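Just below is one structure, and these are the notes that go with it.
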Amino acid sequence: MTTIAILGAGKIGEALLAGLLKAGRAPSDLLFTERYDQRAAELTERYGVAGVDTPEAVERADVLVVAVKPQDIEPLLDLLADTVRPGTLVVSLCAGLPASLYERRLPAGTPVVRVMPNTPMLVGEAMSAISAGAAAGPEHLDLVEEMLGSVGKVVRVPETQQDAVTALSGSGPAYFFYLVEAMIDAGILLGLPRAVSTDLIIQSAVGAATMLRDSAEHPVILREAVTSPGGTTIAAIRELENHKVRAALLSAIEAAAVRSAELGRAHDPA
Ligand SMILES: NC(=O)C1=CN([C@@H]2O[C@H](COP(=O)(O)OP(=O)(O)OC[C@H]3O[C@@H](n4cnc5c(N)ncnc54)[C@H](O)[C@@H]3O)[C@@H](O)[C@H]2O)C=CC1
Ligand SMILES: O=C(O)[C@@H]1CCC=N1
């Protein structure tokens, strides 16, 4: 069985760990590293997976999944530089960091797959986009697709699209949470108890998301079906248009993509 080591078990590392276990992987086929001992102990207690140091992870794992913040990549690459064994697959989940950064620092020929996942991985509903680095072949993409397919959907994209993907689906859950938060507050403004407002909005979000996924209808058609002539919805839509919410989303997502590219350049100016 393939042994997978997650390097950096924070939010996304834990989401992957939990998702892989939920999908049926044995705890003995998984390892993780974590900078903070207390966090490592908590994760081992919660999931029954061994926390190890980086040299042991490199020694034992067939797949190294890098899940540290981009700002923490350099010391980790220093540790990995001369130690990664031939044939080990390196999978990067880090926003912005190009496969070429790893390829320059790791032993020649190390296969690298760049991935942008998202946190719904925790509940088996991740959206992950994967791209092959220079030395990664179809067998490596297949392996990563199988691994991430057990915790959500997977799409293959050219690496040039990864900054856009990061801005859309990597950060995407945060935009929906933000919207839900604001809509719950609107319920409070209208005098509803917070618990009632929360239930109304979360179930509306789940219902709308399920329709988007399962009906195969375009979002415009679904929205038009809610928007009665002279009714309530169009009164709200006019306010959204007056406040340029659509333009704000375009600018916001563009800013996220620009930031992803900046993170890449900061670590791999070439
Ligand atoms: N949070 C999110 O929604 C998403 C995050 N990502 C990417 O995943 C990566 C991790 O992000 P988060 O989980 O949000 O950050 P986080 O800060 O929650 O987790 C990073 C973890 O790595 C640990 N760490 C740092 N250096 C280490 C080292 N040398 N050895 C062992 N452990 C080390 C930290 O202690 C921390 O627990 C980032 O590169 C981010 O761009 C990608 C998609 C979505
Ligand atoms: O905000 C971030 O940088 C990470 C990457 C995608 C989602 N969260």
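Glycine too: its Cβ is placed from the backbone N, Cα and C atoms.
Annotated domain 'Pyrroline-5-carboxylate reductase catalytic N-terminal' per TrEMBL: 3-96, in sequence order.
Around the Cβ of Lys69 (NADP(+) binding site), the same chain contributes Gly8, Gly10, Cys94, each under 8 angstroms and 6 or more positions distant in sequence. Classification of Lys69 (NADP(+) binding site) by DSSP places it in coil, neither helical nor stranded. As annotated by TrEMBL, NADP(+) binding site applies to Ala67, Val68, Lys69, Pro70.
Here the domain 'Pyrroline-5-carboxylate reductase dimerisation' (159-263) returns a mean pLDDT of 98 for the predicted model. What TrEMBL records for 159-263 is domain 'Pyrroline-5-carboxylate reductase dimerisation'.
Counting Cβ atoms from all protein chains shown, Ala67 (NADP(+) binding site) has 25 others lying within 10 Å of its own Cβ.
Annotated NADP(+) site Ala67, Val68, Lys69, Pro70; additional same-chain residues within 8 Å of its Cβ mean position, judged by their own Cβ, are Gly8, Gly10, Val66, Gln71, Asp72, Ile73, Leu93, Cys94.
Here the binding-site residues are Val68, Pro70, and the one whose Cβ sees the fewest other Cβ atoms within 10 Å is Pro70.
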